[in-house]
């Protein structure tokens, strides 16, 4: 009698394990069977995903061509001053240092990284000095002011003109800033902006009399 009871206790766990296996076997094929996820429904869901991706691409393309289209940086001469001025003897040779404040505006909906450039001064189309505009970056829809020191040297030949004899020195300044605009971190394109300005220096006061930009 005791032996029969022990055999019954030993067989009972084995039977419950077999029942669990039957339950798993019964439900597993149902869960992972292709019939549980019909082919039409799979095609439908894939079509929805593809349509959403294509819609995002189209929307992004339209925005890049309209609101987010690439624009050139806007460069302006915000201020300029004479720091050092030296007239050599009785000749018309002049050495001077100018401090120019250049305002660069990034009009894009993306970050602008611009390269190192030059600000060139000329007198009657003859270059007389230049200063370096260091490379940098500007956040989207932001502006940045850059300070540039320009050394200018006019010898007697390049400065022997009617404007100097009248007590003023007329100069022109030119700068071109080039860089790369990055839209949403994916689309990149090079853009560049130019600055053309004219300035008049009073020789008597050794200071800027007037300046304007195109």
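Here, residue 1 is simply the first one shown, and the rest follow in order.
A Cβ is built for glycine as well, from the same backbone N, Cα and C atoms used for every other residue.
Bear in mind that TrEMBL entries carry predicted annotations, made automatically and left uncurated.
TrEMBL lists transmembrane segment at one of the ranges 45-68, 69-92, namely 45-68. TrEMBL lists region 'Disordered' at one of the ranges 1-22, 23-44, namely 1-22.
Summed and averaged per residue, pLDDT over the domain 'Late embryogenesis abundant protein LEA-2 subgroup' (102-197) gives 91. Long-range contacts of the transmembrane segment (45-68) within the same chain: residues 108-110, 183-184, 187, each at least 6 residues beyond the stretch ends and with a Cβ under 8 Å from a Cβ of the stretch. Secondary structure of the domain 'Late embryogenesis abundant protein LEA-2 subgroup' (102-197) per DSSP, as helix, strand and coil residue counts: 4 helix, 65 strand, 27 coil.
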